[in-house]
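Structure, as structure tokens:
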Amino acid sequence: MRTYLDLLQHVLDHGVDRDDRTGTGTRSVFGYQMRFDLEEGFPVLTTKKLHLRSIIHELLWFLKGDTNIAYLKENGVTIWDEWADENGDLGPVYGYQWRSWPAPDGRHIDQIANLLKMLHTNPQSRSLIVSAWNPALVDEMALPPCHCLFQFYVANGRLSCQLYQRSADIFLGVPFNIASYALLTMMIAQVTGLKPGEFIHTLGDAHIYSNHFEQARLQLTRTPKKLPVMHINPDVKDLFAFRFEDFRLDGYEADPTIKAPIAV
């Protein structure tokens, strides 16, 4: 995906070197946007191989409303291990906010279920929004939500999604986020009778960690390949009924993985 490589190059060339929470140091820009037309192929990096299994299982885990890493561990996914406590708990992170946002009156709001209902009953609404940023609970989360708010838009029978990501780890995190929200858009489009439109990715603090510079420059020497095609089981009409086996990525050819340390 040339769009992603352009982001890497832009931050390396124009970013500002700054300190950060982890003590690693970053080079960052503030405010950047990428657009991906989902009819042109599934937006997964081809200039380094991604672990698709982790991306799919993490998304299914979010949609379950789960906040314990047991499900992830059972399925060979380790991307949340560094932040979990001794019991595997992460606090009220993404899944909890998506599916069980606590209201002042004691109710719990299922934002995803509400979104699906609105897409069926009022697809022209400008309130097709899900937020993971709950100021009252941020301090109880193992990690404040990086991809914190997303909005859907329906036009000409196509469903588009825009994600606002306050903190974007460009080398390790952003490729996962692109694929995850593109897949979520495709899944929701299927269960609401729409076609996938665009995924728009808006970044706040878009940064490359200083110990990822060498890896980023290596990736920039590689040439993007044709995007693969994601096939989703057409028989699934309930968003919460999807399983890992319902997804198949065809034609995914990618350069070797580039290893880089995680900043915790």
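Cβ atoms are placed via backbone N, Cα and C, with glycine included.
Copied over from Swiss-Prot:
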type	residues	note
BINDING	Arg21, Arg166, Ser167, Ala168, Asp169, Asn177, His207, Ile208, Tyr209	dUMP binding site
BINDING	His51, Asp169, Ala263	(6R)-5,10-methylene-5,6,7,8-tetrahydrofolate binding site
ACT_SITE	Cys146	active site, nucleophile
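DSSP assigns Ala263 ((6R)-5,10-methylene-5,6,7,8-tetrahydrofolate binding site) to coil in the three-state reduction, outside any helix or strand. You'll find the Cα of Tyr209 (dUMP binding site) roughly 8 Å from the Cα of Ala263 ((6R)-5,10-methylene-5,6,7,8-tetrahydrofolate binding site). Spacing of the residue listed as 'active site, nucleophile' relative to Ser167 (dUMP binding site) is 5 Å (Cα to Cα, whole number).
Candidate binding-site residues: His51, His207. Fewest other C-beta atoms within 10 angstroms, His51.
Look at His51 ((6R)-5,10-methylene-5,6,7,8-tetrahydrofolate binding site): DSSP puts it in coil. All chains included, 20 other C-beta atoms sit within 10 angstroms of the C-beta of Ser167 (dUMP binding site). The closest partner of His51 ((6R)-5,10-methylene-5,6,7,8-tetrahydrofolate binding site) among the binding-site residues, by CA position, is Asp169; the full candidate set was Arg21, Ser167, Asp169, His207.
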